[in-house]
Every structure is written in C-alpha cells, then in structure tokens.
Amino acid sequence: MPIRVLDELPAVNFLREENVFVMTTSRAPGQEIRPLKVLILNLMPKKIETENQFLRLLSNSPLQVDIQLLRIDARESRNTPAEHLNNFYCNFDDICDQNFDGLIVTGAPLGLVEFNDVAYWPQIRQVLEWAKDHVTSTLFVCWAVQAALNILYGIPKQTRTDKLSGVYEHHILHPHALLTRGFDDSFLAPHSRYADFPAALIRDYTDLEILAETEEGDAYLFASKDKRIAFVTGHPEYDAHTLAGEYFRDVEAGLNPEVPYNYFPKNDPQNIPRATWRSHGNLLFTNWLNYYVYQITPYDLRHMNPTLD
C-alpha cells in the first residue's frame, strides 16, 4: 500500500531514496478509493527515525494508507525538533472524536520504569480505552505490549534481570493463522527489551492466541481471536543499524552492555551488521494491514464494531 503522508514530512525523501512507494497528499485524490486510516502513537525518543522505520513497513501493498502521527507526551523533546512535532503530530484531543482503521503503538525505552512512574501513563490508558470503540485493529510493539497487557488484562509488569538484545530465532505455532501467512517455519527478528513475556503467562491469564514463540519459549506474536488487537514483543521495524546504535550508546554511558546476540558478523562490534529480518517485518505488517484491518474494517468508519469487552 502506498502510504499517504504530508508532502513536507522528512520521511518522504528518505523513503523514496530506498524506492519505497510514498504518495503525498497532493497526489492521492487522483485515486478514487478510500484510504485506510492508520494512527501511529509514536512513543520512541527519536521520532523521525521511528517514523521512517514504520512507514517503510506500511508502504508495500496496493491500497492507500493515510497516516496520522500522534503524540501524548507534552514535555519538550530532547531528540526531535519542536517544529517537526508541531507540523506533523496531532494531540489526542485533535482526533478523539474520529475513528481509525488501524492503530500502531510503538515501543518506548521504559523497561525499568514502573507503569505509574511513566509521565504519560494516564494518557496511555486513555488512548487504549478509546481505541476499543474507535479503532478496528490495534498493533502493539515491544514495551507497548507490556503496557497493553497491564491495562487490558491486569497482568503485572514482568521484568528480566538482564536486557534481551540481539537477533533471535522464532518458530510459528499456527502455520495457517492469517497473521503468520507466508512466514517461514522459523524466522529471525530483533529484540531490545527488559520486558519479559513468558508464553505460559499469556496462556494462563488471557484468551489471546500465541502465533509465534522464541526458541526460549517467550511469546513473540499473539492476537485476539476477533483480530481487534495484536502484539509483537520484538522490533521487526528496526533498521540494520538500530541495535548497533543502542549498543554503542550504552557503551559510551559506561553501562557495560552485552554484545547483541547473533547480530554483528563474527560477534565483533567493529563489523557492520546486516538486517536478516527485513522480509519477516514486511510480511508481518502486510498481513496485519490486509487481514486484521482491511478485511474487517467497515467502509464507512462512522459505523464501527464497538468495544472489545
């Protein structure tokens, strides 16, 4: 799907250089179809980098996707220019009366922070409750998975003693599930988290269906049977260099991090890493857009299927 964004968004030129199909709002009206409306709640500090990563994955199908970027943290950003936020992001009050086909909630570097200590925790709760009645399908990524499990299912925060960082092998549990359609039996995906997602915990305390696990038995991909919510505990959107950037940042901060697993060639941080998960990430987001959003969303968004309760 060509993603539809404002002409001036920096991602337009960045992604076009990669031959990603981006349609600006000035061109889009020439196609007489209703674009899918997808809201991205971007919780990552480096918002422009994160925009590029997610927009790349949303761009590779035949329908238009109308992207709206959302922020809920009113504090001044140290990593993203205020002008960018003011020009390209909306506040929740701007869209709370609208309906959307899809919502993506990104990760956030909050793995060691208690939920109630997160500055925008009340706003997270507000958005997730709102989404029940205003969004066809929501996709949670990494830390957002942990937050959603707490808000929607009452599951306490589960934290690892050491950070999981690297590129790990996974296997699918339901090869005929729509969200894993076309996946290889085993596939690679990056992780960068303190959050812990034991598969047994998901099975015991939710009615969610686990679709893929790590080799160590952690849940990687799971979803509700009605397709209204889906969860991915890793970072399939990451660029080839993202884990390297996090590793060297932590080295400079004196945190003595472990070298990300199965990432640098020959396990040597001086070697340039390669993305071995790109096809998986593209297929995951294409499947979500097609089977969890496009196939079940109403043509007229004024007539939503209400509530997950």
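Each Cβ is built from the backbone N, Cα and C atoms, and glycine gets one as well.
Note: Gly111 (site 'Important for acyl-CoA specificity') has non-local neighbours Trp143, Gln146, Thr159, Lys163, Arg193, Tyr194, Ala195, i.e. same-chain residues 6+ apart with C-beta under 8 A of its own C-beta. Swiss-Prot lists Gly111 with the feature site 'Important for acyl-CoA specificity', giving sequence analysis as the kind of evidence.
The active site, acyl-thioester intermediate annotation in Swiss-Prot covers Cys142. When Cβ atoms from all protein chains are considered, those within 10 Å of Cys142 (active site, acyl-thioester intermediate) total 30, not counting its own. Cys142 (active site, acyl-thioester intermediate) falls within neither a helix nor a strand when secondary structure is assigned with DSSP, and so counts as coil.
Per Swiss-Prot, the feature substrate binding site maps to Lys163, Ser192, Arg249; the stated evidence is sequence analysis. Cβ neighbours of Arg249 (substrate binding site) (same chain, under 8 Å, six or more residues apart in sequence): none. In the three-state DSSP classification, Arg249 (substrate binding site) falls within a helix.
Annotation comment: Swiss-Prot describes Ser192 as site 'Important for substrate specificity'. DSSP assigns Ser192 (substrate binding site) to a strand.
Packing around His235 (active site, proton acceptor) is summarised by its Cβ count: 22 other Cβ atoms lie within 10 angstroms of its Cβ, all protein chains included. Feature annotation from Swiss-Prot assigns active site, proton acceptor to His235.
According to Swiss-Prot, the feature active site maps to Glu237, an assignment based on sequence analysis. For Glu237 (active site), applying a Cβ distance below 8 Å and a minimum sequence separation of six or more within one chain yields Thr50, Gln53, Phe54, Arg56, Leu57, Val141, Gly281, Phe285.
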Item to complete: List the residues of the same chain that sit at least 6 positions away from Ser192 (substrate binding site) in sequence and have their Cβ under 8 Å from its Cβ, in sequence order, or write 'none'.
Response: Cys142, Lys163, Leu164, Ser165, His235, Tyr238, Thr242, Leu243, Glu246, Pro260
Response to the item:
Lys163 (substrate binding site) has its Cβ surrounded, within 10 angstroms, by a count of other Cβ atoms equal to 19
Fill in: Recorded substrate binding residues, Lys163, Ser192, Arg249 - maximal Cα separation rounded to whole Å
14
